[in-house]
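See structure below.
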Amino acid sequence: MSKKYDAGVKEYRDTYWTPDYVPLDTDLLACFKCTGQEGVPREEVAAAVAAESSTGTWSTVWSELLTDLEFYKGRCYRIEDVPGDKESFYAFIAYPLDLFEEGSITNVLTSLVGNVFGFKALRHLRLEDIRFPMAFIKTCGGPPNGIVVERDRLNKYGRPLLGCTIKPKLGLSGKNYGRVVYECLRGGLDLTKDDENINSQPFQRWRERFEFVAEAVKLAQQETGEVKGHYLNCTATTPEEMYERAEFAKELDMPIIMHDYITGGFTANTGLANWCRKNGMLLHIHRAMHAVIDRHPKHGIHFRVLAKCLRLSGGDQLHTGTVVGKLEGDRQTTLGYIDNLRESFVPEDRSRGNFFDQDWGSMPGVFAVASGGIHVWHMPALLAIFGDDSCLQFGGGTHGHPWGSAAGAAANRVALEACVKARNAGREIEKESRDILMEAAKHSPELAIALETWKEIKFEFDTVDKLDVQ
């Protein structure tokens, strides 16, 4: 007997609230923080999110009979209170894997954070976490190279990579830009980088910058005997222009390029990561625009989701904040998404904001990049927080040195190596930070001046987006 079509409107929870459902290993799981309109039951709000982010619409439609809705629909299977927040709750939703195109982060986000975020029944909605099933992970390219290969390419072992952003970020001619790159690299840095908003402006066209930077990198390598590099930002107006810039960086024998993955988009990022994998290039990723999306504690997408998506889309390095610098991010939350960038398995741990177990299988890891308002006094804490598989980037903390960028670079290199040596000797580098740095400064006038210059500089502001734990 054929199914009967009943026209009309029915409550979402009749179809999409399934508290008895046990998620499958192949399901994509999502945790949303929901704040519904007054008077709307939690189950209805949660079911509406499940429906509108999967197969549902506001009215029953006859064409449902042409498919197996029970197979394809998203299911809200659990609701939890948010500690310390009486208005909001967590909704856990399971999505069948067949709802998503293989390897497409663009498609996943279009479904999960598409129209549903404008739904009138919701006052606020935030995607807190995603558990990507292994069946989906295996369809993604992931980092073009990964941590191990990047260390081999750069010949850097046993410590974090050391870098800086060229300042001023805008306004320098190509030749002067290259001069600053050279000063930093000869002073002791491993890498320098374009800032996120340097592309190809009237004061400095991209080709000119690439050529002068390549000259600076090669000269610094010859003088120091070390492998050096510069993140050449290939973000562009069109994908075609992006690839043209990447190809030119390769022609110049540069080891690493850069992309602004949120403003550039996941489709462009995945394409560039695939190109890097085929062409033996490292890929540095900047997260410009992330705070517009992730900083509000009740609405948007948490950065841990954006970090997971980047690992799948592809990148060898990703900015993650600093904890101690000028940018938002507490220690435990930051460690939570650093784990998801680098580890092969990350267990559920609410104290770090991880709502699910996440198995990454054999997918390579991503270097965590600490950048933003950091200087030599922060070095012990940065090493303790980020560990060796990171890149520590001091922009103002290099160029702001009274003796210039080369001296600033030397100060940072001495501070880093002193902290690594102390850690390897078993010292508690955060507790003994002052003693470690002052001892090193006895043999480095550059470090001594840097310590004096920035001794009063702190960024002690309370975190806006705090973990929901008691």
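In case you wondered, yes, glycine gets a Cβ from its N, Cα and C as well.
The active site, proton acceptor annotation in Swiss-Prot covers LYS167 (among others). There are 16 other Cβ atoms within 10 Å of the Cβ belonging to LYS167 (active site, proton acceptor). Mapped onto three states, the DSSP output places LYS167 (active site, proton acceptor) in coil.
The active site, proton acceptor feature in Swiss-Prot is assigned to HIS286 (among others). The Cβ of HIS286 (active site, proton acceptor) has GLU196, ASN233, MET258, HIS259, ASP260, TYR261, HIS319 as same-chain neighbours under 8 Å, each 6 or more residues away in sequence.
Secondary structure at HIS319 (substrate binding site), as computed by DSSP, is strand. Here Swiss-Prot flags ASN115, THR165, LYS169, ARG287, HIS319, SER371 as substrate binding site, drawing on sequence analysis.
Annotated Mg(2+) binding site per Swiss-Prot: LYS193, ASP195, GLU196, in sequence order, evidence recorded as sequence analysis. Taking the Cβ of LYS193 (Mg(2+) binding site) as centre and 10 Å as the limit, one finds 27 other Cβ atoms among all the protein chains shown.
DSSP assigns LYS193 (Mg(2+) binding site) to a strand in the three-state reduction. According to Swiss-Prot, the feature N6-carboxylysine maps to LYS193, an assignment based on sequence analysis.
Per Swiss-Prot, the feature site 'Transition state stabilizer' maps to LYS326; the stated evidence is sequence analysis.
In sequence order, THR165, ILE166, LYS169, ASP194, ASN197, ILE198, TYR231, ASN233, MET258, HIS286 are the same-chain residues whose CB sits within 8 A of the CB centroid of LYS193, ASP195, GLU196, the residues recorded for Mg(2+) being left out. Measuring Cα to Cα from LYS167 (active site, proton acceptor), the binding-site residues that fall within 10 Å are ASP195, out of ASN115, ASP195, ARG287, SER371. All chains included, 22 other C-beta atoms sit within 10 angstroms of the C-beta of THR165 (substrate binding site). Look at the binding-site residues LYS169, ARG287, HIS319 and count other Cβ atoms within 10 Å of each Cβ; LYS169 has the fewest.
Non-local contacts of ASP195 (Mg(2+) binding site) by the CB criterion (under 8 A, 6+ apart in sequence, same chain) comprise THR165, ILE166, LYS167, LYS169, LEU170, ASN233. In three-state terms derived from DSSP, ARG287 (substrate binding site) belongs to neither a helical nor a strand segment and is classed as coil.
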